[in-house]
Amino acid sequence: MDTVAVIGAGMVGSTTAQRIAERELADVILVDIVEGMPQGKALDLRQAAPILGYDVDVVGTNDYADIEEASLVIITAGVPRKPGMSREELVSVNSGIVRDVCEKIAEHAPDALVMVVTNPLDVMVYAANQYLGFGRHRVFGMGGELDAARFAYFVAERVGCSYSDVSAMVVGGHGAKMVPLPRYTTVRGIPLSRLLDSKDIEELVRRTIEGGAEIVSLLKTGSAYYAPSAAITHMAEAIIMDRGSVVCSSVMLDGEYGVKGSCTGVPVVLGACGIEEIIELELEDEELSKVQEAAAEVVRLSASV
Ligand code: A3D
């Protein structure tokens with residue numbers, strides 16, 4: 001059985017632990033700086049096992065030495081945004097946390113793959129790549145996969161089809177510089193433009209870009225965690241089961257999409273070795289320049305840390 005370490009036992013971290021355990025994907029080590037909290041949540045999750053019938057171990061700890069066995073470390077430690085706040089306003093506080101967590105990963109799990117979830121996502125993926133130096137195939141972010149799920153949900157709702165019939169594609173930043181791609185979004189292979197008019201499509205694109213903020217403003221405290229943990233678990237499963245799944249992930253680009261030395265969301269092939277391939281879509285000029293702008297902003301924001 002593989003072991004996955006989830007750093008940060010807050011809303012995203014604990015629901016991720018729950019989903020991984022319920023799918024029996026791996027043993028889970030839940031780490032947080034708050035004493036007792038990860039231990040309490042892990043005990044609670046273990047006590048659900050006799051009812052739900054899963055046979056994996058879930059351990060809560062404040063000690064990073066316990067992540068030694070992990071082949072995948074998922075970083076959810078950090079502060080979520082408040083209503084009216086952009087993800088970018090979290091840069092300084094969360095980069096300190098991610099730096100601290102990366103130092104511990106380098107010490108205790110130097111061979112692991114690292115999936116970053118902390119916001120602002122692309123800036124934190126960039127920072128984690130710098131701090132860890134593990135190579136870009138081993139350090140990547142979950143952001144685009146959630147955005148694609150949101151886009152797919154909005155499309156299914158509007159078309160009136162099953163959610164699982166929609167295959168959506170979102171590239172660029174996990175934030176205002178997100179680039180949902182209707183041209184690469186289909187309903188069982190049927191192009192979106194055959195099913196909806198351009199005004200409808202534009203409205204769904206806008207709602208996708210603002211999808212996270214819509215939930216933050218409804219919740220009033222904290223941000224989304226059910227769909228984020230589902231997207232994280234989907235990516236964790238691709239790695240643990242070596243599926244070679246095509247997912248949207250934030251990665252360090254090295255010339256792809258005309259971007260070198262910055263991170264943004266692109267489609268990749270994800271398997272046991274991490275990022276196995278970066279897929280280069282043919283983009284229109286406007287789409288490509290938005291992707292490049294998103295990547296340039298990551299470098300700008302990173303310089304301010
Ligand atoms: P929350 O419920 O506050 O949990 C964060 C946890 O991190 C808390 O339990 C903290 O105690 C813990 N923590 C802080 N510092 C450390 C540290 N050094 N080591 C270990 N644990 C620490 O927040 P959340 O779970 O809702 O969100 C966590 C992060 O994920 C935030 O930055 C969110 O913005 C981000 N997030 C990203 C997405 C993406 O799609 C990229 C989606 C949802 C949330």
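Using the three backbone atoms N, Cα and C, a Cβ is placed for every residue, glycine included.
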Self-check item: Identity of the NAD(+)-site residue among ASP27, ASP32, ASP66, ASP147 (reference: GLY8, ALA9, GLY10, MET11, VAL12, GLY13, ASN94, VAL117, THR118, ASN119, source: TrEMBL)
Solution: ASP32
Practice problem: To the nearest whole angstrom, state the Cα distance for the pair VAL12 (NAD(+) binding site) and ARG87 (substrate binding site). | Solution: 16
Quiz item: What does DSSP give as the helix, strand and coil breakdown of the domain 'Lactate/malate dehydrogenase N-terminal' (4-141)?
Solution: 66 helix, 24 strand, 48 coil
Practice problem: Measuring Cα to Cα, tell me the gap between GLY8 (NAD(+) binding site) and ARG87 (substrate binding site) in whole angstrom. | Solution: 18
Quiz item: Going along the chain, which residues six or more apart from ASN119 (NAD(+) binding site) have their CB under 8 A from its CB?
Solution: GLY78, PRO80, ARG81, ARG87, LEU90, ASN94, HIS174, SER223
Quiz item: Over the domain 'Lactate/malate dehydrogenase N-terminal' (4-141), what is the model's average pLDDT?
Solution: 96
Quiz prompt | Nonlocal residues around ASP32 (NAD(+) binding site), in sequence order (Cβ under 8 Å, 6 or more apart) | solution = ILE7, GLY8, ALA9, GLY10, GLY13, PRO38, GLY60, ASN62, ALA77
Exercise. Report, as a single number, how many Cβ atoms besides its own are within 10 Å of the Cβ of GLY10 (NAD(+) binding site).
Key: 19
